[in-house]
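Scroll down for the structure; my scribbles are underneath it.
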Amino acid sequence: MYNSSNIIDYVIDAWEKLQEQAPLVQCITNSVAANYAANVLLAAGASPAMIDNPFEARSFTEISGALSINVGTPTTEQIQAMQISAKTAHEHDIPWVLDPVGYGPILKWRSDMVDELLQYHPSVIRGNASEIGALAGSLVQSKGVDSTLKSDEMFQLAHNLLTKTSCVAISGETDYILSNAMTCIVKVRGGSHLQPKITATGCALGTLIAAYCAVAPVHLATIAAHIHFAIAGKLAYDQAQTIGSFNTMFMDYIHMMDANLIEQYACIELISDD
């Protein structure tokens with residue numbers, strides 16, 4: 001049985017393992033996010049590798065601790081690499097995270113490709129409310145790749161996705177995490193309103209989830225990554241209220257995270273999953 005206290009203990013344990021193991025995370029991500037996501041992983045203690053070449057995908061996925069796939073700016077070659085790596089991860093029980101950026105009727109090509117990737121059962125699907133809602137089959141519209149709906153309007157629909165994945169994370173002002181391994185929904189609060197003003201923060205969160213998945217059970221890894229991000233965002237905003245300075249402090253706190261900060265600042269709520 002989970003409660004707020006023991007979840008925080010599990011998160012601290014996951015963070016400690018992340019520091020000890022520095023897992024190798026293969027990232028097939030978009031051209032806007034690659035540099036930022038790699039730096040977030042390095043700051044958090046993981047080892048990123050941005051291998052998105054279909055000729056190298058299989059061999060590299062086989063040696064990775066986890067895989068992160070983000071469909072933000074897909075190319076034909078990237079899609080081939082995604083399919084190969086997702087299949088390889090599925091065959092070798094390597095955890096992998098799917099970030100269906102922009103999923104919906106407007107961007108049909110990528111959305112069809114995401115539908116194909118679901119056959120390889122991602123360990124985690126992470127997205128904003130509109131992406132998760134669209135993927136779950138609701139009749140929502142997505143404004144580009146930005147969410148037009150609140151997370152709390154979508155989390156019930158996310159249950160539909162738990163037949164395709166072990167865990168669903170809906171990112172927003174408040175984050176919601178649902179999993180087949182829990183009888184509750186975990187709400188994670190924190191962060192800052194400046195985070196959406198910085199490109200690639202959501203994409204980087206997806207890669208951080210993958211890093212934690214390499215060292216902890218999927219549902220706890222997803223919670224840990226969101227708490228890590230939320231605390232870094234809160235503490236960064238306490239120090240800096242302008243975007244440039246906030247971005248620097250945010251990366252600093254991703255790196256400076258420790259057990260004491262997690263215990264002191266993690267803000268979660270468990271709600272009934274009826």
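Quick reminder: no glycine exception, Cβ is built from N, Cα and C everywhere.
The structure displayed is predicted, hence computed values, not measured ones.
Annotation source Swiss-Prot lists substrate binding site at Met50, Ala200. Under the heading ATP binding site, Swiss-Prot lists Arg126, Ser171, citing sequence analysis as support.
Sequence features annotated in Swiss-Prot and their locations in the structure.
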residue : record                 : Cβ within 10 Å
Met50   : substrate binding site : 18
Arg126  : ATP binding site       : 33
Ser171  : ATP binding site       : 27
Ala200  : substrate binding site : 20
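For the pair formed by Ala200 (substrate binding site) and Ser171 (ATP binding site), distance between Cα atoms is given as 13 Å, rounded to the nearest Å. The DSSP secondary structure for Ser171 (ATP binding site) is strand.
Spacing of Met50 (substrate binding site) relative to Arg126 (ATP binding site) is 19 Å (Cα to Cα, whole number).
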